[in-house]
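Below is one structure, written out as structure tokens, with a few remarks after it.
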Amino acid sequence: MTAILERRESTSLWGRFCNWITSTENRLYIGWFGVLMIPTLLTATSVFIIAFIAAPPVDIDGIREPVSGSLLYGNNIISGAIIPTSAAIGLHFYPIWEAASVDEWLYNGGPYELIVLHFLLGVACYMGREWELSFRLGMRPWIAVAYSAPVAAATAVFLIYPIGQGSFSDGMPLGISGTFNFMIVFQAEHNILMHPFHMLGVAGVFGGSLFSAMHGSLVTSSLIRETTENESANEGYKFGQEEETYNIVAAHGYFGRLIFQYASFNNSRSLHFFLAAWPVVGIWFTALGISTMAFNLNGFNFNQSVVDSQGRVINTWADIINRANLGMEVMHERNAHNFPLDLAALEVPSING
């Protein structure tokens with residue numbers, strides 16, 4: 001009898017826990033994805049803060065030349081970064097217990113791998129949590145679909161690219177100047193500016209910003225006046241009211257006359273679908289481009305493609321970009337190799353005598 005009562009109590013406790021986890025009445029929804037999201041993001045954030053402040057230099061290139069990234073080792077907010085895991089580690093899973101000591105783990109850049117893997121798991125769970133809350137509330141799942149774009153972008157630069165290049169040392173450093181360095185080296189090695197998927201991403205981000213600004217300014221400018229001319233239009237509204245606060249017909253008419261009739265949406269759902277889909281699809285393409293360039297399927301190469309009747313090269317902008325790429329490539333990882341692959345000889349010259 002006692003055992004039965006204990007089992008009922010245990011089941012009841014588990015049931016209450018399940019109800020609390022999945023309750024939409026909590027101030028912040030937790031959800032089953034949140035059970036994994038909370039510890040992973042807390043771990044990534046905590047280690048990032050500690051390492052950004054106090055991590056010792058990391059031997060990123062695996063040539064016994066450590067690079068300093070933390071504040072206590074001479075950096076500031078702009079130059080500081082979490083230095084990627086050493087090329088000596090490559091793609092090996094490198095938790096603390098795989099190193100001979102914590103000092104060795106820090107020297108080889110263990111914190112970078114720890115932060116990145118926990119972060120990617122955390123943001124993936126955040127996306128799942130968005131779907132889960134939408135499901136509980138009877139909503140459609142497109143919020144999580146939209147969030148998949150930045151998740152895909154982060155996964156591309158932190159996981160897919162290192163896998164393709166064979167080492168976590170090629171991942172994006174976690175810092176401001178480190179991000180810019182990653183972009184410059186990526187251009188030098190993969191010619192990303194000449195990749196059509198990157199072009200689609202630029203159109204998505206800049207176009208999304210333009211459309212967002214246009215939509216926000218149109219809505220704000222076409223409020224339905226609920227007040228007299230002598231008082232502010234803002235006085236006619238309450239936050240969260242059910243009634244619409246702007247006139248889409250007026251906005252459609254304004255924009256249709258500003259450009260042309262069919263450049264303007266007269267359906268609110270179509271408009272907002274477009275506002276969501278444009279940047280999301282663009283960022284999807286950029287993430288796909290990074291993931292293909294990770295395996296060295298690079299941007300277009302139009303170098304020396306225009307010649308005169310004598311066979312002399314007439315330089316185009318492609319040749320200017322190529323010269324810049326070579327300059328950037330010979331400058332990075334300056335002590336890891338004498339020449340970049342582009343400038344290395346195909347065959348070792350024979351030596352007589």
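Easy rule for this one: first residue shown is 1, then count along the chain.
Using the three backbone atoms N, Cα and C, a Cβ is placed for every residue, glycine included.
Per Swiss-Prot, the stretch carrying the note transmembrane segment among 87-108, 197-218 is 197-218. In this structure the residues listed as binding quinone are HIS215, SER264, PHE265; their two most distant Cα atoms lie 11 Å apart.
Closest to HIS272 (Fe cation binding site) by Cα-Cα distance, out of the recorded positions TYR161, ASP170, HIS332, is TYR161.
For SER264 (quinone binding site), the spatially nearest entry among the recorded positions HIS118, HIS190, GLU333 is HIS190, judged by CA separation.
For HIS190 (site 'Stabilizes free radical intermediate'), the same-chain residues that are 6 or more apart in sequence and have a Cβ closer than 8 Å to its Cβ are MET293, ASN296, ASN298, GLY299. DSSP assigns SER264 (quinone binding site) to coil in the three-state reduction, outside any helix or strand. Note: the Cα of TYR161 (site 'Tyrosine radical intermediate') and the Cα of TYR126 (pheophytin a binding site) are spaced 22 Å from each other.
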